[in-house]
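Everything below concerns the one structure shown next.
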Amino acid sequence: MAPGEKIKAKIKKNLPVTGPQAPNIKELMQWYCLNTNTHGCRRIVVSRGRLRRLLWILFTLTAVALIFWQCALLISSFYTVSVSIKVHFQKLDFPAVTICNINPYKYSAVRHLLADLEQETRAALKTLYGFSEITSRKRREAQSWSSVRKGTDPKFLNLAPLMAFEKGDTGKARDFFTGRKRKVNARIIHKASDVMHIHNSKEVVGFQLCSNDTSDCAVYTFSSGVNAIQEWYKLHYMNIMAQVSQEKKINMSYSADELLVTCFFDGVSCDARNFTLFHHPMYGNCYTFNNRQNETILSTSMGGSEFGLQVILYINEEEYNPFLVSSTGAKVIIHRQDEYPFVEDVGTEIETAMATSIGMHLTESFKLSDPYSQCTEDWSDVQITNIYNATYSLQICLHSCFQAKMVENCGCAQYSQPLPRGADYCNYQQHPNWMYCYYQLHQAFVREELGCQSVCKEACSFKEWTLTTSLAQWPSEVSEKWLLSILTWDQSQQIKKKLNKTDLAKLLIFYKDLNQRSIMENPANSIEQLLSNIGGQLGLWMSCSVVCVIEIIEVFFIDSLSIIARHQWHKAKGWWARRRAPACPEAPRAPQGRDNPSLDIDDDLPTFTSALSLPPAPGSQVPGTPPPRYNTLRLERAFSSQLTDTQTTFPH
């Protein structure tokens, strides 16, 4: 072999092993682990210590298994072209239905309690409008009965005087009882008006409320005289009814047999036994159908009006309070079985002499809690005491919060809400300042100054029924005569008069279809997607994987911190050893640098050959050690053969 070829063969032999040219599998695997970009395999080879090497083997094999699993799922999903469609019909639970008469109590049962209030109300109406109310025989009797007290001082008008202001001049007002003008020193608070307005648009009607010492007063005005008088009447009405026991109020209201004339559900007859009494402070006796306190929850398997709830209600217009309510009919609210029916807030009114059809669509919503939204899954994270015997809702929280503020600031509870534990309802005798306190607190609540709106949260899961209401005249002119005659005969035990169509109302509640709409919130970025996105970015830009991240943690955190700690430990040990060692005399300093006359700093640094020819420093002695035996040096095995072929013999 030529000398050049021999040299090339020697160099090639000593170069790193490449792939298939490796002499055996062990060296091939060693070469792969040292040169691959798969960091885990490299860490298996270069790691020192059996435990660390074993951990890297475990991490790498786990990562390989996960890669095969994920790739198999992706390939299987790619080649799957079939689709699966499920059509599922099921029975839907029928909601609870609460029905109330708009008039809470029979007028004949409560007129003796409200006689003085009605007398002063009629006097105020006569002063404002200049007319006296013409009523039926029963109401004329009540009016003549209350006129006996004509010579007495007005009780309710003194507590909260009704006044009429001229627009633009709030310093003087006309008193409703005396008809005279008087000076008013009070804050004017204007309440939003409804539809009706007084005949003289130049006047604004309101009533005055003062604190105990009458030093602080406020006048609440309405641009509608009807609204002002009804609000004033309602305020005193709540004060009177708050002093009546619950048992007496239930007896003064309508029974289930009186309110419900006929009942059908899902084509099957029902009666008052299928309804549960619910007494509302402002609506009297209400009755709830399909309440689970009675029996199991009813369900329906078909949509349409024939498979829902059908009832005929007896309204009894003659027993209506003329000042408390100005319309006739009933209120109905659809809700869950464990939910409190807020009749005054979300109730639907039912007209008399009409058939009201309510079609329902069920929507079930599920929201994500913190940190995605400010909703609550239960009452645990809301610092408000639940005064309702029902599950959590935003309305329950707001009303409970206001009632708690009412008890805290006014010393009593507001009549239209449930009574908190240990509190009493407000009334004049025990709490003479409650009216003024209530209105002041209500204004602060509307302006969101009580903090209730910030504390209360929406519920994360709830059911909602979307209602579609339609009306039809009922009964028709051709069927009115025979239908009313039969209903009068059927209800002769409960109703002692002949029925007319203005006393009745028909109600139909049903599912329009059995499709349930579900709205569910899911995180837009889950933890799996987050890890996938981060891994994709690391792999794209840095060729890094989970194993690479573990390697970085090992090198830059574990090993680096260990080295720093070891260095600091040795440094501290050296400092402590020097401190404890005895002081030694300092050796004379040898001439170096510019002190050495043999060194010229302007010249270039000497090479190894030129350094041997430099003269020794002054005063230095050449050591007497004999020169080394150069033939005893041993070179690396990898270069021994090369030196044999290429070395040149120099003469000694």
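Placed from the backbone N, Cα and C atoms, the Cβ positions cover glycine too.
Residues or ranges marked as topological domain 'Extracellular' by Swiss-Prot on the basis of similarity to another entry: 76-537.
Feature annotation from Swiss-Prot assigns disulfide bond to Cys100-Cys286 (among others); the stated evidence is similarity to another entry. In this view, Cys286 (disulfide bond) is surrounded by 26 other Cβ atoms within 10 Å of its Cβ, with every protein chain counted.
The annotation disulfide bond is assigned in Swiss-Prot to Cys210-Cys217 (among others). Around the Cβ of Cys210 (disulfide bond), 18 further Cβ atoms fall within 10 Å across all displayed protein chains.
In three-state terms derived from DSSP, Cys270 (disulfide bond) belongs to neither a helical nor a strand segment and is classed as coil. Cys270 (disulfide bond) is surrounded by 19 other CB atoms, counting those within 10 A of its CB over all protein chains shown. The disulfide bond annotation in Swiss-Prot covers Cys263-Cys270 (among others).
As annotated by Swiss-Prot, disulfide bond applies to Cys375-Cys460 (among others), with the evidence given as similarity to another entry. Its own atom aside, the Cβ of Cys375 (disulfide bond) has 19 Cβ atoms within 10 angstroms in the protein chains shown.
Reduced to three states, the DSSP call for Cys456 (disulfide bond) is coil. Taken from Swiss-Prot, the feature disulfide bond applies to Cys397-Cys456 (among others).
Applying an 8 A CB threshold to same-chain residues 6+ apart, the list for Cys401 (disulfide bond) reads Ile384, Leu450, Gly451, Cys452, Val455, Cys456. According to its DSSP assignment, Cys401 (disulfide bond) is helical. Among the features that Swiss-Prot reports, disulfide bond is placed at Cys401-Cys452 (among others), with the record citing similarity to another entry.
Secondary structure from DSSP puts Cys437 (disulfide bond) in a helix. Per Swiss-Prot, disulfide bond is recorded for Cys410-Cys437 (among others), and the stated evidence type is similarity to another entry.
Neighbour count (other Cβ atoms within 10 Å of the Cβ, all protein chains): 21 for Cys412 (disulfide bond). What Swiss-Prot lists as disulfide bond is Cys412-Cys426 (among others).
Residues or ranges marked as region 'Disordered' in Swiss-Prot: 610-631.
Residues or ranges marked as motif 'PY motif' by Swiss-Prot on the basis of similarity to another entry: 626-630.
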- line: Note: in the chain of Cys410 (disulfide bond), residues six or more apart in sequence with C-beta under 8 angstroms of its C-beta are Cys426, His431, Asn433, Trp434, Cys437, Tyr438, Leu441
Message: Fewest other C-beta atoms within 10 angstroms of its own C-beta: which of the disulfide-bonded residues Cys217, Cys426 fits that?
response: Cys217
Statement: Ranked by how many other Cβ atoms lie within 10 Å of their Cβ, the disulfide-bonded residues Cys100, Cys263, Cys437, Cys456 are led by Cys100
- prompt: Ranking the disulfide-bonded residues Cys397, Cys452 by other Cβ atoms within 10 Å, which is at the bottom?
  reply: Cys452
Distance from Cys375 (disulfide bond) back to Cys412 (disulfide bond), taken between C-alpha atoms, in Å: 31
Task: Can you figure out which of Cys375, Cys397, Cys460 (the disulfide-bonded residues) comes closest in space to Cys217 (disulfide bond), comparing Cα atoms?
output: Cys397
- prompt: Where does Cys210 (disulfide bond) sit by DSSP, helix, strand or coil?
  reply: strand
Query: To the nearest whole angstrom, what is the C-alpha distance linking Cys286 (disulfide bond) and Cys210 (disulfide bond)?
result: 35
Task: Calculate the per-residue pLDDT averaged over the topological domain 'Extracellular' (76-537) and state the result as an integer.
output: 82
